Structure formats: C-alpha cells, structure tokens
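A short write-up of the structure that comes next.
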Amino acid sequence: MGEITIFDHQHPGNLGRMCGYMPQEMALLNVLTIGETFRYFGSIYGMDAHKIQTEIIFLRTVLDLPALDSKICDLSGGQTRRVSLAIALIHNPPLLVLDEATVGLDPLLRQKIWDHLFKISKLHNTTIIISTHYFNETKHCDRIGYMRNGHLLEEGSPKALLSRYDSPTMEDFALKLCRNDRGPDNYANIDIFGGHYRKENADVVEVKSYRKLSASLLDKTFIFPRFDRTNHGSLIHAILVKWWHRHKRDWRLIVPGFIVPFMTIFIFQNVVGPQPHSIHVGLVPISSYEEGLENILLGKTMGLVRFPENYELHIKNRVLQNKFADNETIAGSTILIKMDETHKIVAAWAKQTLLEKYLKFLKNIALACSIDHGILAPAIKYNAIYGSTKIFDMITYVQPSSMLFFMFMLPMGTVLQLAEDKVTGIEDREHVTGINMWHQLIAYITAQSVMIFLQMSIFLGTLCGIYGMAIHGSHIQAIVFVYLTALSGLLIGFMISKLYAHVIEILFVILFFTVSQMASSGMIYPLEILPWAERYVFQSFPVTLMVDTFRSICTRGWDITQFNVGRGFLACAFWILLSLVVSTLAERRKRKSL
C-alpha cells in the first residue's frame with residue numbers, strides 16, 4: 001500500500017479545477033454539440049462565459065476542431081478524441097492526465113498537439129502524465145516508465161534509457177526491454193520505501209527493478225496551486241443545463257413519460273371501467289334446448305335462458321298464491337340458466353344483470369296485480385359507507401391505485417440514462433472534475449421533480465376532470481403523498497444504478513420490480529385473497545402500503561392520523577432513507593476500489 005499526494009495534498013478538496021483528465025474512452029455525451037460540451041465542462045471548472053469562449057477559439061485553432069454546432073454523435077473518431085482532449089485543456093490546469101491522447105490522429109496533428117503540450121509544460125510548469133503506445137512520442141517526456149503485463153519494466157529519462165540500453169531509437173529500446181523481461185519469481189520479497197513487498201501481490205503489480213527512494217522539494221520557493229472551495233451550486237447548475245440539452249434533443253427521454261400516463265388512463269378506463277357489451281345469450285323454446293347447449297359448447301353464445309311452458313301463467317299464480325303455490329306452479333315459474341363461466345367477471349356481470357331484470361319484472365307483475373311489490377324484494381339490502389355496491393364501479397377501486405403505481409414506476413425508469421453515463425465513462429470523467437454523488441443526486445431530483453409534477457397533473461387532470469375520480473380527503477395531502485411516492489421510486493432506481501454496472505442488469509431489475517409489484521401491490525386485486533404468510537411478504541414490497549394509503553385518502557377521505565394513511569407516509573420515508581444509505585455505501589465502495 002502507498003499514498004499519492006497532489007500538489008502537497010493527500011486529499012485535495014477541489015481536484016477537478018487543478019486536473020485535466022482525458023480517459024481512453026471518449027466519455028462525451030453524444031446528443032450535445034461541441035459548443036455545449038465546452039460550456040458544460042467550463043462551467044464545472046468555474047470559468048465564466050468570456051473565458052470559456054476565449055479558450056474555445058484558441059483550442060479550435062490548435063486542435064483543428066469542427067464547427068461548434070456539430071453534434072458529438074456526428075463526429076469521426078479522431079474528431080471526437082480531439083474534443084475530448086480539448087475538454088481536458090480548456091481550464092489550463094496545472095496537472096494533466098491523458099490516456100492515449102493522440103491515438104488515431106494524423107502525424108501532423110499529433111506533432112502539433114505534442115508541441116502544445118511541451119509548450120505549456122515549460123511556460124506554465126504544467127505537470128503532464130500521459131500514456132501512449134507510440135514509442136517515438138516518449139522522446140518529448142522528461143521521464144518515462146515502460147509497463148508490460150501490468151508491471152513496470154524500466155523508468156528514467158529518454159536520454160538515460162537510450163544510453164543504458166545502447167539503443168538508437170525508442171522503438172529499439174522498447175524491443176530490447178521486452179526481450180529481457182523476466183518472470184516475477186525473482187522479486188517475491190523486496191524492501192521498497194522500508195516496506196515489504198509480498199508475493200501475494202505479484203498478480204497486481206510486478207516489480208522488475210527497484211531502489212529505495214526519497215524525495216524532497218529542490219525549490220523551496222515553489223508555490224503550489226491554491227485549492228479553492230468547490231462551488232456546489234455551479235456544479236449542480238451545470239448538470240441541470242446538461243439535463244435540459246439532453247432531453248430537448250433526445251425525445252425518447254421525454255415522450256414515454258407523457259404517453260404512458262395517457263395510455264394507462266385510457267386502458268384502465270376502457271377495460272376495467274365500463275360494463276361488458278355485445279354478449280351473446282341464447283333464448284330458445286323447450287324444443288331446441290339441446291341446440292342452445294350446443295351453441296354454448298361451440299362458443300357461439302355464453303349463456304342459455306330456458307323458460308318453461310306456460311311460464312306467464314305460472315309466474316302470475318306464484319305471485320298471487322305466494323307461499324301457498326303448489327310444486328307445479330313453482331317448477332313452471334322457475335327459469336333455468338346455463339352459462340359459460342370461464343370468464344368470471346363477464347359471468348358475474350351477466351348474473352347481476354339477469355337478477356336485476358328479473359326483480360324488476362316481478363315488481364311490474366306485482367303492480368299489475370295490485371300487490372305490494374316490497375313482499376317480492378330480497379330480505380336484505382346493501383349500503384356502502386365507502387365506495388359503491390355495484391360490481392362494475394370497481395374502477396373507483398383501481399383509479400387511485402393505478403395512478404400511484406405508475407407514478408412510482410415512471411421515475412424509476414429514468415435511471416437508465418445514469419447507467420448509460422456510467423457505461424460510457426461520462427460518470428467517471430465528471431467525478432474527476434469534482435462532481436460527486438450528491439451533486440448528481442440533487443440535480444437529478446430537481447430535474448425529475450419537474451417531470452413528476454407534470455405527470456401528476458396529467459393523471460389528476462384527466463382522472464378527476466374527465467373520468468370523475470373523487471379525492472374525498474385532503475387534496476394537499478394527496479399531492480404530497482403522490483410526490484413522496486414518486487420520489488421513493490426515483491431514489492430506488494438511483495440505488496439500483498449504483499448497485500449494478502450494466503444497462504441490461506438495471507433494466508431487468510426494474511422489470512422485476514414492475515411485474516412483481518403490479519401483481520402483488522393490491523392495485524387490482526386485494527391482498528386479502530392471499531394466504532397470511534404471502535400477504536405479509538407482499539406488504540413489505542415498496543409500493544404495496546403506498547397504494548393502500550392513497551386509496552384510503554381518495555375513497556375514504558382519511559388523513560395522516562389514520563393508521564392506514566400514516567404507515568404509507570412512513571413507508572415512503574423508509575424507502576427514501578434506505579435508498580440514500582445504500583447508494584452512499586455503494587458509491588464509497590466503488591471509489592475506494594478504484
């Protein structure tokens with residue numbers, strides 16, 4: 001183990017402004033233009049607009065960059081690499097770390113870049129650490145180190161190395177060095193800096209030559225660059241500007257967020273809401289009863305209604321004779337119904353409809369016979385305190401739950417752009433500039449909150465304004481709870497993006513959340529139909545208690561003092577805090593392992 005100090009600081013607080021970093025991968029956002037990319041990184045580095053514009057003009061000349069309104073995705077590989085290099089140079093940092101800065105460039109431009117690097121190193125005392133596979137380029141360096149298979153072969157100035165290996169060129173020196181490369185066994189135990197090199201570390205860093213080192217400042221008057229305090233507001237503002245440019249160019253990030261609410265409302269209101277229609281029911285005389293059954297078996301009709309012979313006479317006698325009716329009258333006034341009940345919802349609707357029509361028919365007979373129709377009514381009457389007794393008022397049960405479920409899931413899907421930044425190296429490049437997880441998170445919440453309130457407006461405006469969904473409880477409490485639910489989904493998605501490294505992994509985890517919670521959250525079917533053990537398991541899922549809470553606010557008019565509502569707010573707080581803690585730990589683990 002060792003330590004690295006940067007300008008006499010072990011943990012500099014604002015390394016981003018002191019360091020220009022160019023990774024091997026491009027690590028640029030494809031939807032931005034060159035000018036927007038310059039302004040984004042320039043604002044991160046704390047540069048004002050005039051300074052940024054001045055540096056852009058200079059770097060365009062040095063690096064032969066295309067027009068500033070050219071998108072990154074439209075550039076060639078060499079042009080993109082030059083833009084990436086310009087980003088590292090734009091703020092004139094005292095330290096440059098460049099990985100394969102000149103690969104893929106033509107010789108003239110490559111020489112021009114090296115001349116510029118040599119110039120700033122001499123005139124501005126810029127420290128430049130650069131990796132390259134072009135051996136002839138290393139002659140420009142004050143000190144070089146050759147690495148092979150993960151370990152350092154040789155280190156020194158180009159002139160000293162050429163003399164030591166009696167080589168006319170750097171290519172010849174490198175060839176001799178590789179031929180002389182030996183295995184790691186000769187260096188199993190070596191004392192460096194007074195420490196002890198153990199063999200178990202050999203697969204990480206191999207030591208091929210060694211000497212005890214000591215270092216001191218030769219020039220005591222050298223003044224290290226001053227580490228200014230990080231301007232957190234400037235960093236967050238820069239990220240928000242990037243978010244705006246990104247979304248206004250890539251409509252894939254915006255359109256689904258507005259289409260899904262409308263699609264959800266349309267589907268549920270037209271599938272769950274209305275009653276079935278165009279249902280085929282057979283009404284046949286007694287002589288064709290078998291034909292009616294055959295039609296059901298063939299799928300032509302869903303039901304068969306059979307009226308006995310002389311039904312009208314028998315039903316009148318049954319009404320008049322009441323409890324004194326004989327068996328013949330009872331049998332002759334009984335309607336036989338055969339149904340295909342594979343579709344339980346349609347079958348339940350058909351039964352309810354037939355029963356309502358039958359009771360209405362009996363009422364008309366009673367009125368015609370001057371009999372009190374109350375005698376024929378069922379001796380039980382249902383009244384709803386909350387909701388409705390009608391089976392196809394189920395939409396009032398589904399409306400709040402479906403809205404809350406999708407308000408939870410929609411923000412979670414937006415983390416795919418964060419995963420894309422991680423895969424393309426943009427996240428690591430931004431981290432070097434000084435952007436940490438909290439800058440990213442605050443900007444992310446701020447930007448997505450705009451989308452959350454717009455989506456909430458679509459849901460509430462359409463459901464309440466057009467389809468008549470009522471919020472019997474506090475409207476403010478309902479809006480706050482929906483926002484907290486969406487924020488929970490947002491932060492759970494953020495946590496997932498920190499735990500998994502690849503887009504496909506994150507996509508499958510989000511898909512798992514969506515499918516599992518749609519079936520287990522009580523959105524359509526109540527959890528009371530489940531065995532008690534499964535019920536408690538599903539209640540531990542993020543959105544389950546939230547759905548019950550929002551439904552209680554809307555349909556029952558309950559407030560936060562009620563247990564069912566209060567536990568929903570507590571569930572939101574729990575998942576928000578858990579997501580923040582896990583995201584922080586995952587970020588620390590990642591940065592510590594780098």
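Glycine residues also receive a Cβ, built from the backbone N, Cα and C atoms like all the rest.
Annotation source TrEMBL lists domain 'ABC transporter' at 1-174. Mean predicted confidence for the domain 'ABC transporter' (1-174): the pLDDT average there is 87.
Residues or ranges marked as transmembrane segment by TrEMBL: 253-272 (among others).
Per TrEMBL, transmembrane segment is recorded for 402-420 (among others).
Residues or ranges marked as transmembrane segment in TrEMBL: 441-470 (among others).
If you look up TrEMBL, you'll see 476-496 (among others) marked as transmembrane segment. Sequence-distant contacts of the transmembrane segment (476-496) (same chain, at least 6 residues past either end, Cβ-Cβ under 8 Å): 403-404, 407-415, 418, 441, 444-445, 448-449, 452-453, 455-456, 460, 506, 509-510, 513, 542-543, 546, 549-550, 553-554, 559-560, 568-569, 571-573, 575-576, 578-580, 582-583, 586.
The transmembrane segment annotation in TrEMBL covers 503-525 (among others). Within the chain carrying the transmembrane segment (503-525), a Cβ under 8 angstroms from the stretch's Cβ atoms is held by residues 272, 398, 401-402, 405, 408-409, 412-413, 415-416, 419-420, 423, 492-493, 496-497, 538, 541-544, 547-548, all 6 or more beyond its ends.
Here TrEMBL flags 568-586 (among others) as transmembrane segment.
A Cβ distance under 8 Å defines the sequence-distant neighbours of the transmembrane segment (568-586), meaning residues of its chain 6+ beyond its ends; these are 437, 441, 481, 484-485, 487-488, 491-492, 494-495, 498-499, 542, 545-546, 548-550, 552, 560.
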